[in-house]
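Enquirer: Below: one structure in C-alpha cells.
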Amino acid sequence: MQHRSFFLLALVALLAVTTAVAKKKDKVKKGSECSEWTWGPCTPSSKDCGMGFREGTCGAQTQRIHCKVPCNWKKEFGADCKYKFESWGACDGSTGTKARQGTLKKARYNAQCQETIRVTKPCTSKTKSKAKAKKGKGKD
C-alpha cells in the first residue's frame with residue numbers, strides 16, 4: 001500500500017513539473033511572435049550617463065531592457081550611433097581648433113544617425129602634452 005501511495009505521489013509530481021515546463025515554453029513562443037521591434041534611446045536612470053533603460057515596442061507589446069550610456073559619449077551624435085573617425089587635421093590658427101570627420105559605422109537599435117559628422121576640439125601645444133606625460137609617469 002505504501003508503494004502505491006509513493007508511486008501515485010511521484011506520478012502527480014512528474015505531471016506537475018511537465019505542465020509547468022509546457023506553460024513556460026508557451027510564454028516564450030508568445031513573446032517571440034513579434035519580429036519588428038522598435039527601440040527608443042537608452043535613458044540613464046540618473047545624471048547624463050551610466051545604467052538606464054531602453055523601451056521597445058512591437059505591435060501591442062512593450063518591453064524595457066537594461067542598457068548603459070557611456071560617460072564619454074557625445075550628446076550631439078547619440079550613444080547608439082557609432083562612427084569611424086579620420087585623424088585630427090591641422091590646427092586652424094584663426095579659430096584655435098582642429099577638426100576631423102567621422103563616417104557612420106553602426107546604428108544600434110534602429111537609431112536615426114547622420115551618415116557623416118564633423119567634430120572639433122581646441123588645439124593644444126606639444127609642450128603641454130609632454131609635461132602631462134612626464135607628470136603621469138611620476139617624473140617631476
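Each residue, glycine too, has its Cβ placed from N, Cα and C.
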Enquirer: Taking Cys34 as one end of a disulfide recorded in Swiss-Prot, give the other end from among Cys42, Cys49, Cys58.
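Expert: Its disulfide partner, as Swiss-Prot records it, is Cys58.
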Enquirer: Identify which of Cys42, Cys49, Cys113 is listed by Swiss-Prot as the disulfide partner of Cys71.
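Expert: Recorded partner, per Swiss-Prot: Cys49.
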Enquirer: Which candidate, Cys42, Cys81, Cys91, does Swiss-Prot give as the disulfide partner of Cys67?
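Expert: Checking Swiss-Prot, the candidate bonded to Cys67 through a disulfide is Cys42.
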Enquirer: So, in Swiss-Prot, which cysteine from Cys113, Cys123 is disulfide-paired with Cys81?
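Expert: As annotated by Swiss-Prot, the paired cysteine is Cys113.
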Enquirer: Let me know the most crowded of the disulfide-bonded residues, choosing from Cys42, Cys49, Cys58, Cys81, Cys113 and counting other Cβ atoms within 10 Å.
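Expert: Sorting the candidates by Cβ neighbours within 10 Å, the top entry is Cys42.
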Enquirer: Can you tell me which of the disulfide-bonded residues Cys42, Cys58, Cys113 is spatially closest to Cys49 (disulfide bond)? Compare CA atoms only.
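Expert: So, of the listed disulfide-bonded residues, the one sitting closest to Cys49 (disulfide bond) is Cys42.
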Enquirer: If you run the three-state DSSP split on Cys123 (disulfide bond), which class comes out?
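Expert: Going by the DSSP assignment, Cys123 (disulfide bond) belongs to neither helix nor strand, so it counts as coil.
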Enquirer: Going by Cα-Cα distance, pick out whichever of the disulfide-bonded residues Cys58, Cys81, Cys91, Cys113 is nearest to Cys67 (disulfide bond).
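Expert: Out of the listed candidates, the nearest Cα belongs to Cys81.
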Enquirer: To the nearest whole angstrom, state the Cα distance for the pair Cys42 (disulfide bond) and Cys123 (disulfide bond).
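Expert: Cys123 (disulfide bond) has its Cα 32 Å from the Cα of Cys42 (disulfide bond).
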